[in-house]
Amino acid sequence: MTEPYDPAGEGAQMSFKGRMSYSDYLELEKVLNAQSPLSSAHDEMLFIIQHQTSELWMKLALHEMRAAIGAIRADRLDLSFKMLARVARIFEQLNSAWDVLRTMTPSEYTQFRDALGQSSGFQSWQYRAIEFLAGNRNLAMLGPHQHRPDLMEKLEGILAEPSLYDEAILLLGRSGFDIGADAARTDWRGTRAENEAVLAAWQAVYRDPQRHWMLYDLAEKLVDFEDYFRRWRFNHVTTVERVIGMKRGTGGTGGASYLKKMLEVVLFPELWKVRTVL
Ligand code: HEM
């Protein structure tokens, strides 16, 4: 009989006394001990892990978006492309994750829903940070974070600087295009007004991609990101309707009706409009 294979024979490290191991490096003690179901319902673990993993992916999306914004500001579009492509893929990955959550039926969710109290993804500060960084700056969404000065500082820090889309528009300006009122902006905090000059600039880019290749590529990367982000929102509302129907959300909104309204949000308006005028 052959002996079971021992990888130590080919040099696999088998003793970690006094050495950094995989668990040490990844701080798995913290990560794997951060699931504390409040009920005895079997499916609560799925619900918690689904949210936690989504938040981890959002953390990476924020890391990439911040770096992409810096790269565009520094005229390093080549660097920003890689990061923006990664953000789109992160959302694609989050989209697939809904398939796991969809295995939870309304009967199963009802068993622990009351334990959530008023907590809801509506209070996800990282989700708001992604929206704010992208350019959707609805200041009303700061409300649930006002009791946390540390989070307000992070969110206000993002609002004080140009968004990803603002940076793309400023780049259009640096590239010689007229960007109208966007050229005079100094306050980045609120919602940006759409502007015909920016539409005309994107139109010129899309009419002659060869001449404006980098701007064209950037525009398509942004549309790609928004496309996947929209799919995430659509998958969310469909899952929500499947699990709670038209019940109100734990966060207090109308539930699926609120989320359907959010499907109308447009991050990069002129980039969608330009399709109609080509
Ligand atoms: C069965 C699963 C889920 C249900 C029933 C559900 C339900 C809801 C509802 C009803 C809202 C509207 C706010 C409210 O009144 O509560 C909401 C918002 C939100 N949820 Fe979920 N959700 C689920 C899973 C998830 C997951 C896995 C995530 C990932 C992090 C998530 C993230 C969010 C976010 C970010 C919002 C705010 C959206 C916005 O304001 O545009 N949800 N959810």
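Cβ atoms are placed via backbone N, Cα and C, with glycine included.
Since we're looking at a predicted model, the values are computed, not measured.
According to TrEMBL, the protein carries these features:
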type    : residues                                  : note
BINDING : F47, I48, I49, Q50, H51, Y109, R113, T250 : substrate binding site
BINDING : H236                                      : heme binding site
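Note: the CA-CA distance between Y109 (substrate binding site) and H236 (heme binding site) rounds to 15 Å.
Only H51, T250, in sequence order, out of the binding-site residues I48, H51, T250 have a CB under 6 Å from ligand 1. Here H236 (heme binding site) is positioned 12 angstrom away from H51 (substrate binding site), judged by their C-alpha atoms.
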